[in-house]
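**Student:** Quick one: this structure, given as structure tokens, is what I'll be asking you about.
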């Protein structure tokens, strides 16, 4: 019983797709009709099958043999040529079908068609002979290269099995990971299972095995478990072998049995009642049945037994875990340097090689936190002391390093080698993305689709197949989630993709020859780097280019794409992006790109889509986002019968033409923020393949009738309820696949409340975000209460927003504890409500914002729990709580409970805005976790801050308190280290006493009166204050600051938008003996630097948008240069000088 994690060769999938297309009805019928030479097609298939037989062997050998790699590149290029030829045949067949070439017509027309047929046939025959000749030569070489049929292996000599031993002093940056997992090992919280399985997941080389070794050898762990076993599983998940290894380790006796039953029975008996720890290292198996069989003998162990699994795959982790897996991240640059220095310098003194340290740190940066890469390169340079050798390692691709010294190569290669062939194609295509580039799932799938990399499936759309592929690559740690948006590849994984893609993928940002540019089939570059690209001449000589993909932003236009000759040279393009180019008119030659599937014109200045674009019959993706000059679409857009994805977001289009409704393959229609669109065509409901319709930010008055016909719709951003004769809310009933976010607006238009029940929101289990909106029609409160009651969603909901609701109370479902997944709730402008719903029993609620509930006077027990039922601790997960525009709110009753683990125990951010009647004494007395407190228009609350206990409070923001004359008037919590004061118009002074003793940062914005008498700032006693920022001041200041006004211990000072500041007081600035950084922004009247100069301690000066000052500070030539020449870092208008 064995599972082996081995995929197929990359080109095998390409060949299979090509064979399928050769056998397709369209190609076969076309060849028969045109009487083309089908014998040559059969010969092509035979030769390709001959190449396919040795692909597995070639794929493995390419890692060590450059000649094999070059042979594969040649074969790939020939397969591309064959694909192009088949695509030409397909395209011609499609053109004939759509343009209705039936053979009837005048004799002149018939002669013209006959001539065209003959020319096309001749072209196909010529290309076929050319491809066959090329294949003949390539196949002759396979014998010389020693390529064998059907061989698929991975050299075990390259992969030493990991043992449990580790040198702990040589591991850096894993303390927090070690502590987190050991806490799980030593705790018995997860009582639902006797044996807890804890996976450690991460990319190859990130240190999963090393972390497991640290844990395995920890003294506390050794004492906690009676039995500890380490098993290196690797890619062959042999249940009998693994069971026997565990048994041999437990008994310390050799076992030769191959009888799984006997092995498992014996192991089960030995483990009975014993608490054990197993480490299953390097698991690749995704077959649940194998895992289920293996673990069956473990269940006899004592409660609290643990299994740690290390794997690269999230899918493996999800299959095996019963405890959330630990996702291992890269280590810090400083920890990388310690690891590198240990292996590179060994017994050598670092100080004796100062010239190597700088290069070494750059090499470390190149490894991007991957410990294996750091350790390998450190070991490679261990005996090298010549800087040139280090420079070579820095400049060379890691894949080009000597194999005997390179452990990175086999470690990462395995991640690729074990991919199924269809995933290899998609991963390889991603080599088009530069290092560090953040890409989206959507973009990747559209690009894969344009290259026909997604295998057709009977029950899934192409996009759904793409989603599966993407998720699989993410699960296998080849993609990584970016910190904010999208996804990236680790730099070394990017190198891997580039290695396997060969010379057919070219990134112009790197060094390249004209020969490479002419051979490449896929090309990208970062727009911001276009000025450094040598020449596009060679590119335009490449008539076989498939992908032209400028990426990023910051474009400076250097290519004139309005020149038809440019596009005519690239007739095989499948992907073309002209995004952000200053193009006003598209050339008609664009229509010659008959193979084009992906066209990105977003953020261009195009005013119209010419007819020629609408003859691109293969086009699947058309991106027109932010084409602000585009006001209409031509009716001929209906010719794009294969169009699947159309993005018109942020355009000024006023009307969607009816022709769109004939695009029956359309899968996604994006109209976000098309503010001029007021109606959708009635027949849009006939787009039965439509899955995503996004209409947020439009001016739609109501939905088209019969929306329920779009039964497969998955994304519907908005549903606008129509009036009596308009689209009824019950049309939502049949849209059972809706997922993501849905906003239902104009709910005041509901006539029959029972129609709301028929919408069946309760059944829409894939929705995770719901917005419910009325429009200031609060006359019929009882009806609105009924409507909201019947709008109850499924309990899978995660975010709920209710706006302009006119009822006097909320139905019971709002806040019911069964909504266990809700993390965010916002209630806005529900002006008739007298009390809040019971929100405290939502167990996962982390963010709550309440605004504009004008009738609420008191918040009491009803806010925390329903008195008629048992309840858990209220708001046990809440981290953000905001109240604003509560004009009548006076009292806030606190929930009685245990103080240490009481209500709001996890609250981090608390905000009050414009609650003028709220009694400050009502503030919660003890909030142990609050770090940020925001008070706007509620100056009466400040008096209570001296008496509250907020031990974690670090930041206080006071905004728009016009009655506040001084601060801190009553004292502030002692732990605050940053205070920001905005728009306090009457503030005249800063008090001498009451400041937090550890205050480090103070910001003052738009407090004009404070500058009437600068000597009343009283900051000189704040010995801990190191940062001061002053901004948005219109008062006339002839000089600033005054002597003694600012504390001498300041290290940072920013003067921003002091619009009438005439001069800086040099004597006062010289008193700031610790000042390190000075920023002066938007001070238009500031004439010059002070005669006394700036403090000698200053190391950084930033001057931005200061009209008089900027030229005076220019290096060597500016009049004020002698006053600032001692400062090491100077920036003028964001440029270093």
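Each residue, glycine too, has its Cβ placed from N, Cα and C.
Curation does not apply to TrEMBL; its annotations are automatic.
Reproduced below are the annotations present in TrEMBL:
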- 41-92: coiled coil (COILED)
- 10-101: domain 'Disease resistance N-terminal' (DOMAIN)
- 180-348: domain 'NB-ARC' (DOMAIN)
- 432-497: domain 'Disease resistance protein winged helix' (DOMAIN)
- 543-641: domain 'Disease resistance R13L4/SHOC-2-like LRR' (DOMAIN)
- 729-852: domain 'R13L1/DRL21-like LRR repeat region' (DOMAIN)
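Relative to the rest of the structure, where do these features sit?
**Tutor:** Per-residue pLDDT, averaged along the coiled coil (41-92), amounts to 81 for this model.
Here the domain 'Disease resistance N-terminal' (10-101) has, by DSSP, the following mix of helix, strand and coil residues: 79 helix, 0 strand, 13 coil.
Applying DSSP to the domain 'Disease resistance protein winged helix' (432-497) sorts its residues as follows: 32 helix, 5 strand, 29 coil.
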**Student:** Write out how many residues of the domain 'R13L1/DRL21-like LRR repeat region' (729-852) are helix, how many strand and how many coil, based on DSSP.
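**Tutor:** When I sort the residues of the domain 'R13L1/DRL21-like LRR repeat region' (729-852) into the three classes, I find 26 helix, 28 strand, 70 coil.
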**Student:** Give the residue counts of the domain 'Disease resistance R13L4/SHOC-2-like LRR' (543-641) per reduced DSSP state, in the order helix, strand, coil.
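**Tutor:** So the counts come to 20 helix, 14 strand, 65 coil.
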